[in-house]
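Below: the structure, in structure tokens.
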Amino acid sequence: MAPMGIRLSPLGVAVFCLLGLGVLYHLYSGFLAGRFSLFGLGGEPGGGAAGPAGPAASADGGTVDLREMLAVSVLAAVRGGEEVRRVRESNVLHEKSKGKTREGADDKMTSGDVLSNRKMFYLLKTAFPSVQINTEEHVDASDQEVILWDRKIPEDILKEIATPQEVPAESVTVWIDPLDATQEYTEDLRKYVTTMVCVAVNGKPVLGVIHKPFSEYTAWAMVDGGSNVKARTSYNEKTPRIVVSRSHSGMVKQVALQTFGNQTTIIPAGGAGYKVLALLDVPDKSQEKADLYIHVTYIKKWDICAGNAILKALGGHMTTLSGEEISYTGSDGIEGGLLASIRMNHQALVRKLPDLEKTGHK
């Protein structure tokens, strides 16, 4: 007789055993899922490793959220800027030359470039391991570090861009300039210095960040998304103020005066990021104002991608001097010079400046 007078039939024993096996199965599968999540093998689709600081893209590529990429890009530019400022204020730059530019000037590099590059690159690479990242400075594998993002999107970004903007990770290329205007940085001309991040999708610039480390001003924008910066209310198209590189202002001045007249003003400045901000409504007293940005020589894509994205998001244009759109895939530089404008007839300006590219090759 069974205990307490209960008699179990063969069918009851079988049901009891099946229930027991079911309980054991669920307990064991839950244990395995927990173990897998610790190694990044579980989690939501497209979410990478579980946990608040895990990658924002799945291990097999998947998709990335451009809104998240913007948040990380802003943080990367600021973190890089902190390194740039710290090195400059220490007055120990460890300055050296990487070689010569096409114009024969020293292509300088400092500790500020290197340390900013490390912070910016690894913050973006840890958050988005599946995307292609191009940066001006060499990334040394021996310096590798994991810099985690807390997955928080700032309120100003959420206010402008309310919903996620997902794109295939394989379509994304990131361009980093860890210290724009290195020459001016070594001369302690701080207002020209910026750190920049750009995200291109299928070669088209879609989001840009330009950060000024010494005034702590940051401009960002996403094409068809939102921005924290805007165009000025008016521009002078007839006799514009033209911002150009300090190294070849004389080349541009001669042609500009012939094109727009003797009232045209040429503003020599350092740094492509600074020059783009000169076209916008920027609340920084050290920032000069211009109506056009012209560049006549070879330039690298990490110098201009962020500015291109910001101008495009605000309805402006950045093209070669012949009016061609710039693709941010393939090689890291462009040969055709540069013309940037906003709230102007850009193609009419292109037609007015037929000889500037030739001027840059003299």
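Heads up, the Cβ atoms here are built off N, Cα and C, so glycines get one too.
Quick look at what Swiss-Prot annotates:
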type	residues	note
ACT_SITE	Asp113	active site, proton acceptor
ACT_SITE	Thr182	active site, proton acceptor
BINDING	Glu136, Asp177, Leu179	Mg(2+) 1 binding site
BINDING	Asp177, Asp180, Asp303	Mg(2+) 2 binding site
BINDING	Ser245, His248, Gly271, Lys275	AMP binding site
CARBOHYD	Asn262	N-linked glycosylation site
REGION	88-109	region 'Disordered'
TOPO_DOM	1-12	topological domain 'Cytoplasmic'
TOPO_DOM	34-362	topological domain 'Lumenal'
TRANSMEM	13-33	transmembrane segment
Within 10 Å of Asp113 (active site, proton acceptor) by C-alpha distance: pick out those among the binding-site residues Glu136, Asp177, Leu179, His248, Gly271, and say none if nothing qualifies. Glu136, Asp177, Leu179
Out of the recorded positions Asp113, Glu136, Asp180, Asp303, the residue with the smallest number of other Cβ atoms within 10 Å is Glu136
From the binding-site residues Ser245, His248, Gly271, Lys275, pick the residue whose C-alpha lies nearest to the C-alpha of Leu179 (Mg(2+) 1 binding site). Gly271
Near the Mg(2+) 1 site, what residues other than Glu136, Asp177, Leu179 in the same chain have a C-beta no further than 8 Å from the centroid of the listed C-beta atoms? Asp113, Ser116, Asn117, Thr135, Glu137, Ile176, Pro178, Asp180, Thr182, Thr195, Met196, Trp302, Asp303
Between Asp177 (Mg(2+) 1 binding site) and Asp303 (Mg(2+) 2 binding site), what is the CA-CA distance rounded to a whole number of Å? 6
Taking the topological domain 'Lumenal' (34-362) alone, what is its mean pLDDT? 88
Listed in sequence order, the recorded positions within 10 angstroms (C-alpha to C-alpha) of Gly271 (AMP binding site) out of Glu136, Asn262, Asp303 are Asp303
Same-chain residues at least 6 apart in sequence whose Cβ lies under 8 Å from Ser245 (AMP binding site): Pro268, Ala269, Gly270, Lys275, His295, Thr297
Counting other Cβ atoms within 10 Å of each Cβ, which of the recorded positions Thr182, Asn262 scores lowest? Asn262
Helix, strand or coil by DSSP: which one applies to His248 (AMP binding site)? helix
Row His248 (AMP binding site), column other C-beta within 10 angstroms, all chains, value 17
Here are the binding-site residues: Asp177, Leu179, Gly271. Which has the lowest count of other Cβ atoms within 10 Å? Gly271
For Asp303 (Mg(2+) 2 binding site), which of the listed recorded positions (Glu136, Thr182, His248, Asn262) have their CA atom within 10 A of its CA? Glu136
